[in-house]
Amino acid sequence: MNKSVSPKYPVALIAGPTASGKSALAIRLAEIADGVVINADASQVYADLRVLSARPDPAEEARAPHRLFGYRDAAEPCSAADWAADAKRAIAAAREAGKLPILVGGTGLYLRTLIFGIAPVPEIDPAIRAEVRALPVEAAHAALAAEDPAMGHLRPQDATRIARALEVIRSTGRSLSHWQAELTGGIGGEIAVAAAIVLPPRDWLRARCDARFEAMLDQGAVEEVKKLRARGLDPMLPAMQAIGVREIAAWQDGLIDRETMVAKAQAATRQYAKRQYTWFRHQPPAAWQRIDTQLNDNEIGKIAIKLRNDALTE
């Protein structure tokens, strides 16, 4: 990799909604730019979710070095701060080896924490955390709306973020929004980001989401959920909340038929992709290029070349 003339070191970033073609673009960029692909997806960190998280398969992983994929056990939650610390080390190692770090994923919170920093929230009282985590999500959402109206905009289904906001207000006496206004620890001032925000046509993306889940069933998703459930893990763990786990579990327990299971998982995937699409359309810096085309092989090749050139001339 050529040395940048900038005092900042180059980092490529490929982000966007699920099923948008990010992984294929990242691997192609790694091949032509001597890069290392670094995962920035909250589900793909878990070893137990290779299929349902749509991790690159072994053949894809063999095409370029991959880091932070499947490196966590499902019993071990991976917070944004945890991941950011690991990502900093992975980026530093890639840089030390003379390779281009390539961040790829759809978890905006992970990327925002790494680049712009994290709220310096004090350690949460363990008793308060246990109390909050024991609440049904509906009760936690109602309590949050009453105790911290500033965070009342969280969706009732967003159990993890609701619990986090509630434990923060109860433990610190201040809203999570207050702490989030005082971000620290980001590496944005140290790196030159060459970014591609992938936002393909919505109809194409929805069809890809539906087809992807059908393919996951053929690739072993049912057995993956069976093995995960056999471990008897806390159902509130992030890995247990991953799209597809609850739907397949309900089918395995005879609560719904297969057709309903597929429809529910596909709908959940589309809804998640819609939220990601909205976030990545508006939240990243305006200077980061948006890609609004379908990522076929030809487009992937052209975008990869542009990203390589952007990264190596920053």
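Placed from the backbone N, Cα and C atoms, the Cβ positions cover glycine too.
As annotated by Swiss-Prot, ATP binding site applies to Gly16, Pro17, Thr18, Ala19, Ser20, Gly21, Lys22, Ser23. Marked as substrate binding site by Swiss-Prot: Thr18, Ala19, Ser20, Gly21, Lys22, Ser23. The site 'Interaction with substrate tRNA' annotation in Swiss-Prot covers Thr107 and is backed by sequence analysis.
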Rounded to the nearest Å - Cα separation of Ser20 (ATP binding site) and Thr107 (site 'Interaction with substrate tRNA'): 13
Cβ-based neighbourhood (8 Å from the centroid) of the substrate site, residues Thr18, Ala19, Ser20, Gly21, Lys22, Ser23 excluded: Gly16, Pro17, Ala24, Ala54, Gly106, Val198, Arg208, Leu295
Residues that sit under 8 angstroms from Ser23 (ATP binding site) by C-beta distance, when 6+ apart in the chain: Val37, Ala54, Pro56, Glu60, Val104
Sorted by sequence, non-Gly16, Pro17, Thr18, Ala19, Ser20, Gly21, Lys22, Ser23 residues with Cβ within 8 Å of centre, ATP: Gly106, Val198, Pro200, Leu205
All-chain count of other Cβ atoms within 10 Å of Pro17 (ATP binding site): 27
Three-state secondary structure, which DSSP defines for Pro17 (ATP binding site): coil
Candidates Gly16, Gly21: member of the binding-site residues with the richest Cβ shell (10 Å): Gly16
Thr107 (site 'Interaction with substrate tRNA') versus Pro17 (ATP binding site) - Cα distance in angstrom: 9
Cβ-Cβ neighbours of Thr18 (ATP binding site) (radius 10 Å): 22
Secondary structure of Thr107 (site 'Interaction with substrate tRNA') (DSSP, helix/strand/coil): coil
Chain-internal residues, separated by at least six, CB under 8 A from Lys22 (ATP binding site): Ile14, Ala15, Gly16, Val104, Gly105, Gly106, Val198
Of the binding-site residues listed as Thr18, Ala19, Gly21, the one whose CA lies nearest the CA of Thr107 (site 'Interaction with substrate tRNA'): Thr18
